[in-house]
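Following: one structure in structure tokens, then a few remarks.
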Amino acid sequence: MKIKIILCLSLGFLFLAAGQARAEGLGRELAGRLLLQAEKNGEVWYVEPLTLKRYYLPQPQAILNEYHIRPLGISEADLSKIEAGSDPEFKLEPPRVFAQSRGWWGHVIAQKAAVKSAPDLKASNLGYLYLGDRVKVLAKTKNDQGGWYKIDGGRYAGGLVQTHNVMPYFEQPAPAAEIKAPPGVGKDEYWIDVDLSRKVLTLIKGENPEFVTWFSPGLANYPTRTGVFRIYRKYAKKTMAGGPPLFGDSFYLPDVPYTMYYSGSFAIHGTYWHDRFGFAKSHGCTNLTRGDAEYVFSKVSEGTLVSNHL
């Protein structure tokens, strides 16, 4: 059996374990710690505590050097000074081809991460992200205070977070392995595939995926409608409201960005009130980040086909 070593760095303590560990219950025990997996060939991988999925670290030497000079462990303050790599790099097993995502998805690995209005620690706070929160990264910048990621959203679209607070997911949203245009869609015509099981939306031209991202479908009590539809109205901004006003699940949302109605009150649109992309959250609509919604909005027109399926 192949031997793997897990280096667990958390709050100044370092733990070593050998062999295969059972996933059940392990995620809860390891949540909040940074896990590194070292292979015999010298590769070092980051391991997501909650899923035990792996992310390849292209420049692990800085982390390993820091560990060797600190026999009693490494603190979170020490670790925050180390960058895993220049830019996100994914080593895929087996290799896959992803459609353009216009950014990449990660999750917060700090207990609390401030979202700034500018790449400056003294800049005003737009809000906070917390351990495990999902975030879409659009770009990276660097100054004398370190690295910064410009993020999409959700609540803090356009905000900036320090790079050491976010780790990329090993698996990014991907289009279906096989794509076949529905009847009536031309080879140069855009259409939208909405996979409700995987929470993945793909913008496709003919049979070629051009853009893919995570979205939020409806909650169990408000399921997103399945079927084949066509966009019948587009609005750059649209007020949305629903539910009896005396009940807790009523809502009033002014200026919802990039709204594309395809069946009654069901729509694909941008979101500014949550960041739960990839999880059920809505009252039946297809919730995208503001940036993703703007891009899809720019490519489709009234009459564009939308295929919602499980």
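Easy rule for this one: first residue shown is 1, then count along the chain.
Keep in mind that glycine also has a Cβ here, set from the backbone N, Cα and C atoms.
TrEMBL: automatically predicted annotations, no manual curation.
Features reported for this protein in TrEMBL:
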- 1-23: signal peptide (SIGNAL)
- 190-309: domain 'L,D-TPase catalytic' (DOMAIN)
- His269: active site, proton donor/acceptor (ACT_SITE)
- Cys285: active site, nucleophile (ACT_SITE)
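Cα to Cα, the residue listed as 'active site, nucleophile' and His269 (active site, proton donor/acceptor) are separated by 8 Å. In the domain 'L,D-TPase catalytic' (190-309), helix, strand and coil residues by DSSP number 10 helix, 62 strand, 48 coil.
Its own atom aside, the Cβ of the residue listed as 'active site, nucleophile' has 27 Cβ atoms within 10 angstroms in the protein chains shown.
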